[in-house]
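Note sheet for the following structure.
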Amino acid sequence: MSDQSSSTRSALPPPPTGSRPKMTSRGRTAAPPANSNLDTSDIPEYEYFVAPGPRGYPPLTEYLDIYDVDMKRHAEEKNRTSHNTHLFNLDTLVVRRGQEFEIKITFNRPYKPSEDKFAVEFVIGSSPQFSKGTYMPVFPTKERQTRWAGRVIDTFENTVTMGITPDSSCIVGKYHMYVAVVTPYGIRRTKREAARDLYILFNPWAADDEVFLNDETERQECVMNEMGIIYHGSFDDVSERTWNFGQFNFGILDACLYILDRSEMPIANRGDAVKVVRQASAMLNSRDDDGVLVGNWSGDYTYGVAPTSWTGSTDILLGYVNSQSPVCYAQCWVFAAVFNTFLRCLGIPSRVVTNYFSAHDNNGNLKTDIILDENGRVDRGRTKDSIWNYHCWNECYMARKDLPAGFGGWQVVDATPQETSDGMYRCGPASVNAIKHGQVFYPYDAPFVFAEVNSDVVFYTRGKDGTLDPVKVNHSHVGRGIFTKTPGELTRKEITEQYKFAEGSTEERTVLQKAEEFGCKREESDPLPADVDLVLPSVELAVGQDLELSVEFVNRSQQRRTMDAYVSGSVVYYTGVTSSEFLFRTPSVTLGPNKSVKELVNIEARSYMKHLVEQANLNFIVTGKVKETGQIVTAMKVVTLRNPKLAVEVSGVAKVNEDMLATVQFTNPFTFNLEGIYLRMEGPGAMLPRFRYYSLLTPNSSVVWTESFSPQRAGITKIIASLDCPALRQVYGEASLTVEP
């Protein structure tokens, strides 16, 4: 049968050429979505109420006209000092919502309230709308007010001083301001000028703001302090390092707003602190949204900066803005420190928190499993869960209007990419109070944080048929101690009791039962304790030193006990992941009734030095099987190796704008060369970040680096320095100075 139609049949049309068209909102919404603070809207200078006549529009010059607007924006002026924004290194007005600020408007003649009508207009984003809070007119008369209050404070000749109070829940970001005069024929506005822009931030000093913190010492620490202390190391040997948050440095506030723009967060949502911190938690890592930092725990940092090399947040945030691509590299404390800068910069009280022995990769089941073979030796091939020596996250302070009363206050937020939440790598905000009381069903991500501080360490023996039998459960190892910096001091503050009740208390058992009801499963069995104990002492050890490890076996029974023990020593990352094993001994021990025996294990430095990774942790695990009872005994100890220090000195007169010198000195104490060395140095309010590279430092030779700087403000500050190279990580030094006005 033939085709009688006149059409011509041919092959499929050729594929389209060129790039794909950019997907837009055209045809779906009336206007493009407003999700960038950088985008602006053209506000007309004239808006006429009438149609043009034969000679055009009527002139508006005979009515009230604006000659000048003084934003009172300088750091020493009342607007900046009363709003606690005087430290921002900006020539633009920065204020906090829920609190009055002043502007001075100069007209062409004296203002007459009975005749003249004018308004101050604030616009943010590309599609300003009054209903969304992106366009807000403020009027000087009591008869006409909006959510932003306005009043005339004073008039003098042609000048009006006006007080403006932004709503305590208004959008946080950069606004453009216009003054509009209303005439019978239309509205005349000031032209757009950068000098009339202003930033509005969260306000922890305002009682109606959701981030209100009713403690001035806490506010000074968690909002205003640029210099922080981050705790690391191990629970038995807590170490600390100083970090320059630099939230007031030039460009940092714009960088924080750029992060929200990059996430395409709707402008209208940026007044909600919960939504802002949740969005930022995702954007601080690059896993799924090209966020600020690339996480790297591999030890290979060839194409970026080693996480241990950073000394502050400024270089990271400005680098992200300037390159418009993620910055390499970060680990948990870097994510937490940069996130802290973001939060404090926008006015949300925040602090960096360190949890020692933090459970990870356990899917919220409250169990961290360690698998042993039939003889009690750790089966590293089947042990998949890990316990980080420490993990850093942030707490931010806010009311949680989306939760029942009592769950506001400190909230956990974590930017380190670990698990996805609502499809993105982020965590929180999770109420600390909800975590303590086992109310893990409240948003966001409370089960994950609950497991980080409450998991049990369960030792299993694996039979030949693959069955796992629990032989020991340690209920107190995980979440051993949770620390943060003490407000107003240079000491650490333990806040473990804010996360969990005392181990073994009635309240703790009730909380764990409640958490189990919401899906957090824990180990139900509780094997009888063995009558032989293992004791590993605390050890302080410097990199390159030999070690004599004392392992004590204690028989608490009335009978003789014999056992074959396994002593394993491994170099581990701070995440608990094993890099390589450098020690394995199998002593046989005989114990008399109620007697103890010490086995000494001598370890030469060369056995572990060649395996070292950054943060230099040695993990010793001793296990054994008692022959008479078949019981398995275990003990673990993490030894943090102490690195050499940098010598940092400052010289000169410590006065504002006076030249000073900072000198960093380091001598190679090892018998091998150090290659590819980066030195970094900076100081809050004193020195912007600087670095120097040295290709080689031979044994016993020294490097000396001197930089000049001029302190920009009075007060106590520090010069912070770091040295980093592939063979030696995490070497720090600092020098304090008090700058006079």
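Note: Cβ is positioned from N, Cα and C throughout, glycine not excepted.
Annotated active site per TrEMBL: CYS332 (among others), in sequence order. Packing around CYS332 (active site) is summarised by its Cβ count: 28 other Cβ atoms lie within 10 angstroms of its Cβ, all protein chains included.
According to TrEMBL, the feature active site maps to HIS391 (among others). Listed in sequence order, CYS332, THR354, ASN355, SER358, HIS360, THR416, GLU452 are the same-chain residues at least 6 apart in sequence whose CB falls under 8 Å from the CB of HIS391 (active site).
Residues annotated as active site in TrEMBL: ASP414 (among others).
Per TrEMBL, Ca(2+) binding site is recorded for ASN454, ASP456, GLU503, GLU508. In the structure as shown, the Cβ atom of ASP456 (Ca(2+) binding site) sits within 10 Å of 22 other Cβ atoms.
Marked as compositional bias 'Polar residues' by TrEMBL: 1-10.
The feature domain 'Transglutaminase-like' is assigned by TrEMBL to 324-417.
Residues annotated as region 'Disordered' in TrEMBL: 1-41.
Listed in chain order, the residues near the Ca(2+) site other than ASN454, ASP456, GLU503, GLU508 are HIS475, SER476, VAL478, GLY479, LYS500, LEU512, each with its Cβ within 8 Å of the site Cβ centroid. Annotation for GLU503 (Ca(2+) binding site): spatial neighbours HIS475, SER476, criterion Cβ-Cβ under 8 Å with sequence separation of six or more. Of all the recorded positions listed here (ASP414, GLU508), it is GLU508 whose C-beta has the fewest other C-beta atoms within 10 angstroms. Around the Cβ of ASN454 (Ca(2+) binding site), 23 further Cβ atoms fall within 10 Å across all displayed protein chains.
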